[in-house]
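Per TrEMBL, the features are as follows:
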type	residues	note
DOMAIN	2-215	domain 'Glycoside hydrolase family 9'
ACT_SITE	HIS141	active site
ACT_SITE	ASP193	active site
ACT_SITE	GLU202	active site
REGION	239-267	region 'Disordered'
COMPBIAS	239-261	compositional bias 'Low complexity'
Amino acid sequence: MTEFGWDVKYAGVQAVVAKFLMQGKAGGYTPVFEKYLEKAEFFMCSCLGKGTQNVQKTPGGLIFRQRWNNMQFVTSASFLLTVYSDYLSSAGKNLNCASGSVNPSELLSFAQSQVDYILGDNPRATSYMVGYGSNYPQQVHHRGSSIVSIKADSSFVSCRGGYATWFSRKASDPNLLSGAIVGGPDAYDNFADERDNYEQTEPATYNNAPLLGILARLNGGHSGYNQLLPVIVPAPTPVVTKPKPAPQSKTTPAPASSSTPIALSRR
């Protein structure tokens with residue numbers, strides 16, 4: 001496997017199984033888990049360009065898999081490299097590639113290079129995150145951002161009108177889809193900022209989701225996090241309840257007896 005995207009999850013499964021092996025949890029399945037680890041590392045080495053079958057990259061260094069929404073493969077693979085870097089660091093191991101041994105920090109650095117490209121460090125100096133930087137996509141393939149806000153124009157917009165009147169316009173988006181990651185450039189770092197160019201200007205949640213994980217990890221620096229420690233769930237604090245006192249039964253006191261005898265008189 002040399003790709004990891006929304007519909008191809010093999011590399012992710014292989015990385016998780018490799019984690020179990022590094023944690024010493026394989027047990028009798030060790031020979032099988034070792035094959036998973038071998039395939040996981042094949043993927044990592046391919047992304048780094050240090051394997052026997054490497055992924056394609058643009059001249060600017062971006063992972064390139066396909067024309068339509070290529071950015072999903074970039075963010076997903078970079079996320080996996082980030083996680084695997086911590087697995088290796090936690091186990092005190094290096095990545096074994098065809099070109100030689102690779103330090104875990106190199107995986108993290110490569111993931112960062114992909115993020116830098118996305119945010120503007122590329123031959124076009126274009127940020128592929130809408131709203132970030134000074135040069136980002138202005139005609140996103142997105143119905144909501146191509147139609148003016150009801151706060152600016154309360155006129156009714158029909159479904160057909162939303163497409164014919166607004167979506168097909170060549171002007172910049174009236175609504176800024178802040179933070180959205182679009183499909184990105186082609187294999188030669190070229191990008192056409194046009195709303196009907198859905199292969200490059202369409203945003204997707206599966207572009208953004210992995211990026212959040214990468215940014216969170218990069219914010220922690222290169223010191224590394226031990227991802228192999230067992231997850232200890234704290235025991236719940238026992239709730240001490242005091243027993244309720246038994247209800248006191250009310251007794252009606254007997255009438256007080258008199259010590260004076262009753263005197264009878266005869267008349």
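A Cβ is built for glycine as well, from the same backbone N, Cα and C atoms used for every other residue.
Distance noted between the C-alpha atoms of ASP193 (active site) and HIS141 (active site) is 9 Å. In this structure, the CA atom of HIS141 (active site) is 5 Å away from the CA atom of GLU202 (active site).
Across the domain 'Glycoside hydrolase family 9' (2-215), mean pLDDT in this model comes to 95.
The Cβ of GLU202 (active site) lies under 8 Å from the Cβ of ASN69, VAL140, HIS141, HIS142, VAL182, GLY183, each of which sits 6+ residues away along the same chain. Every protein chain considered, the tally of other Cβ atoms within 10 Å of the Cβ of ASP193 (active site) stands at 16.
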